[in-house]
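K.L.:
Following this message is one structure expressed as structure tokens.
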Amino acid sequence: MSAPRGAGLMLAATTFTGVANYGLSLVLVHLLSPGEFSRFAAASTLLLTVGTVAGAAVPWVMAREAALSRRGDARRRRAIRFGLGASLALGLVCSLMVLVASASYAGTALLAGEAAATVFILLCAVGVGVLQGERNFATLAGVRILEVAIRIALAVLAALIGWGSAGVIGAFAVGAGTAALWSLLTLGRDLWAPPPPAAPSVPPRMTDWRTRDTQVAGLKTRELSPGRRTTTPEAPDPRTGAVAGGTRALARHAAGLAAGQAALSLLLTLDVIIGAALQRGGDGLAGYQALLVLARIPLFLATALATAVFPRLVGTHGDRGANQTFRATLRTFLLLSVLITAGVATVPAGLVEVVLPTEYLASLSLLPPLALAGFGGALATLLIAYLQARDLLRAAAGVLVTALIASGCAYPFVAADPAHLAWASAAATLGAAAGLLALVDRRGRTVRAPATVIGPVLFGILAWLLLGRLTDHLVVWLLTAGILGAATLLLVRPRSRPEGPLRVLHLGFEDPARPGAGGGSVRTHEVNRRLAAAGVEVVVACSRYPGFTERVQDGVRYVPCGWPAPPGHFPSLLAYFGLVLTGLWRLERRWRPDLIVEDFAAPFSSIAVPYLTRTPVVGVVQWLFARDKARQYHLPFHLVERLGVGAHDKLIAVSEDLAGELRGRNPHAEVHALPNGLEPAAWQGAAAFGRGDHILFLGRLEIAQKGMDLLLDAYAAAAPSIRADLHLAGDGPDAEVLLARVRALGIEDRVHWLGRVDGAQRFDLLARAQFVCMPSRYETFGMVAAEALAVGTPVVAFDIPCLRALVHEGVGVPVPAEDVPALTSALITMANDPARCRRLGAAGPASVRHLDWDLVAAAQLAIYRAVAEVDVPEPRVAAAV
């Protein structure tokens with residue numbers, strides 16, 4: 001059964017049981033005296049702790065084993081036998097602890113009921129775990145509903161007869177005993193059924209060029225990049241017949257889970273345990289305990305989601321897939337629970353008066369802190385489920401123990417005042433949840449825990465403030481709560497995917513047809529037109545400029561994106577980024593993409609698009625120099641870049657140097673190095689025209705990155721010693737400044753301005769030059785250098801990262817970065833040595849022969865498909881181009 005459907009069934013079952021338990025509490029409030037109700041609530045709190053331990057110590061281990069084994073095989077039999085023995089032993093230990101904790105206020109009958117219920121709760125845990133691991137959520141939900149129905153019916157009957165809290169807890173024991181009997185009958189099939197025939201061994205079909213071996217729960221697994229996994233059981237020990245990860249390993253694993261969940265459960269119930277013990281089961285906490293059931297509704301939600309998602313977290317290939325699954329689950333929980341918390345905290349007294357006796361209405365002021373405590377406890381429960389599924393529960397022990405010690409020390413001092421106790425409980429659970437959230441963010445960066453939490457929490461605060469203003473107006477409060485609830489359900493509903501091919505929304509920022517467009521837009525179009533030819537629907541959103549209207553070019557749709565802005569390249573970029581930040585959801589609603597691609601661009605690099613959407617995102621990095629722009633404009637662009645780089649978990653860099661930089665900045669991201677490619681026309685340019693005797697610069701006329709000021713200074717110094725003129729091809733933001741500099745240097749008669757050159761003409765232009773000069777201060781690839789080498793023209797360039805991979809002494813002249821005298825010397829040497837230029841140029845084509853757009857597009861599409869994880873026919877780029 002799929003995780004979403006399983007979550008739905010478990011949520012429905014948990015909702016039923018939660019509502020039924022809450023209804024039972026409301027009925028018992030009327031049927032029991034305040035003292036008896038207080039003793040019942042304290043005892044049920046202890047049983048809740050036992051149930052939490054039971055749900056951690058054995059079922060999660062059994063769920064893992066059931067997910068990774070088959071019915072009747074040795075591994076599952078061993079796990080079940082271990083689970084039954086561990087459950088019985090743990091039941092005896094827990095029953096003793098329950099008796100000690102309640103001895104100050106419970107009589108003999110109540111103590112006996114607590115002990116029996118404790119043992120039965122733990123015995124049924126094995127069957128629950130097996131069903132969870134098999135994803136048999138329908139049966140699991142049915143058993144829970146049956147157990148609760150029996151318990152409630154008998155509890156109400158016991159209260160009506162007048163057996164008090166002891167009779168009610170005895171009914172709990174009968175319900176748990178029924179579930180335990182079912183568990184034993186269910187497990188018999190696995191204990192004695194013959195093992196199924198072994199499936200024939202089939203070598204895994206490799207679907208990608210990346211594989212790696214991992215060890216998961218006693219299985220050796222080979223991971224395939226698109227998300228497939230094959231498993232083979234480890235060989236048994238020849239002496240004992242046992243396999244690795246046997247009983248001792250299961251015991252250690254179960255003990256770790258039990259310890260962690262016991263600490264969490266104790267944290268969630270310690271306020272009631274200490275309060276009831278200090279007040280000796282009196283009436284002082286009756287209102288506190290009655291309202292606590294309502295305040296803990298988010299805990300039921302978290303438990304249902306954790307139960308449904310745990311097997312998928314265990315069985316999902318790789319950290320990225322598991323983290324994506326959990327991120328969606330966390331978001332669903334947060335959106336629902338924050339609204340529930342706001343509703344509980346602000347519920348009108350008139351609504352509470354309908355269901356609670358009047359003697360409890362005086363405790364309504366406890367609802368806000370109790371609601372916060374319930375939310376914090378529920379969030380901590382869900383986070384613990386993730387940590388234990390990823391084998392990180394031990395790392396959470398410090399957080400839980402710290403919160404437990406702090407609350408254990410504080411509660412005795414505030415237990416006399418229920419309000420102080422409630423606020424102390426809220427501080428303890430919220431503090432623990434915050435610590436666990438930080439741990440999840442550190443260990444599972446691709447969960448993006450802080451970003452996932454911020455939006456729903458802000459929504460919850462606004463809902464709380466709005467509903468709080470309406471508390472005195474019951475009808476308006478109900479209508480508003482209903483509207484907010486309907487909106488929340490729309491936000492968490494699963495999104496259906498329309499039929500059709502893979503759809504990509506590319507945030508490309510720059511239209512390749514825009515005057516002054518750089519090499520980044522060339523790559524965007526070359527890759528995307530090949531994807532479009534292969535059947536992928538590609539939409540590229542670009543910044544606005546005069547004359548830009550929506551168009552389709554080579555199968556790629558280009559759409560203008562951005563607020564109205566003053567003329568100019570930089571204002572239009574800022575307007576583009578502003579619209580993406582505030583209106584990405586509109587683009588998604590219009591184009592329904594399976595994947596969003598964010599091109600990194602000046603001046604921010606990335607605006608952290610993964611934080612803005614639930615759609616998978618890939619970052620394509622052709623620019624990573626926000627710190628330089630920060631110095632240029634005296635604005636903290638580099639801080640935005642740091643946030644953006646950290647937001648991504650899948651990145652494509654255009655060079656190995658840039659990929660290494662990204663891995664250093666974000667060690668948790670998966671970074672691929674895919675260089676730019678060259679058009680077929682590049683290999684024909686050398687034969688089209690004869691070689692000239694001039695120096696060529698081709699690119700954007702800019703100072704900050706392209707270093708045009710350095711080139712002009714170097715050429716002015718070299719001009720008296722050479723005959724070669726300087727040809728400048730391109731346009732850009734600094735054209736007027738550079739023209740004035742040429743005049744000031746007195747070389748206007750030696751410098752020729754060719755304007756923008758596009759298409760195949762640029763290869764002819766490159767082939768005519770004696771050599772090309774690239775004075776860039778920084779680059780991410782160096783497309784002009786690659787194209788020049790392809791047509792057999794040598795390159796003089798600064799020795800900078802990314803560019804040095806192309807320009808080396810075999811094909812050109814690398815010059816120390818930003819060293820104008822050295823550049824001057826190189827210009828003079830090359831201009832006066834045509835034979836050397838021919839020799840270096842002849843070696844150029846072979847050095848860049850591997851740069852093929854078809855190969856680049858095919859590799860990039862493979863990454864897109866793996867990230868999007870949609871079931872669409874696999875296009876073939878090479879055959880389509």
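Positions of Cβ are set from backbone N, Cα and C atoms, glycine also.
Note that TrEMBL annotation is computational and uncurated.
For reference, TrEMBL lists these features for the protein:
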- 518-680: domain 'Glycosyltransferase subfamily 4-like N-terminal' (DOMAIN)
- 222-241: region 'Disordered' (REGION)
- 7-28: transmembrane segment (TRANSMEM)
- 40-61: transmembrane segment (TRANSMEM)
- 82-103: transmembrane segment (TRANSMEM)
- 109-131: transmembrane segment (TRANSMEM)
- 143-163: transmembrane segment (TRANSMEM)
- 169-187: transmembrane segment (TRANSMEM)
- 257-278: transmembrane segment (TRANSMEM)
- 364-385: transmembrane segment (TRANSMEM)
- 392-414: transmembrane segment (TRANSMEM)
- 420-440: transmembrane segment (TRANSMEM)
- 447-467: transmembrane segment (TRANSMEM)
- 473-492: transmembrane segment (TRANSMEM)
K.L.:
Would you mind listing the long-range same-chain contacts of the transmembrane segment (420-440), meaning Cβ under 8 Å and 6+ residues beyond its ends?
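P.N.:
Residues 264, 267-268, 270-271, 275, 288, 366, 369-370, 372-377, 379-380, 383-384, 386-387, 392, 395-396, 399-400, 402-403, 406-407, 410-411, 414, 447, 449-450, 453 contact the transmembrane segment (420-440) from elsewhere in the chain.
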K.L.:
Averaged over the whole of the domain 'Glycosyltransferase subfamily 4-like N-terminal' (518-680), what is the pLDDT?
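P.N.:
That region's mean pLDDT is 89.
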K.L.:
Same chain, outside the transmembrane segment (109-131) by at least 6, Cβ under 8 Å from its Cβ: which residues?
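P.N.:
For the transmembrane segment (109-131), the sequence-distant neighbours (Cβ-Cβ under 8 Å, at least 6 residues beyond its ends) are 39, 43, 46-47, 50-51, 53-55, 57-63, 65-66, 80, 83-84, 87-88, 90-92, 94-95, 98-99, 102-103, 137, 139-140, 143, 165-167, 169-170, 172-173, 176-177, 179-180, 182-184, 186-187, 190.
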K.L.:
Are there residues at least 6 beyond the ends of the transmembrane segment (169-187) whose Cβ is under 8 Å from a Cβ of it, and what are they?
P.N.:
40, 43-44, 47, 80, 84, 109-110, 112-114, 116-117, 120-121, 123-128, 130-131, 143, 146-148, 150-155, 157-158, 163
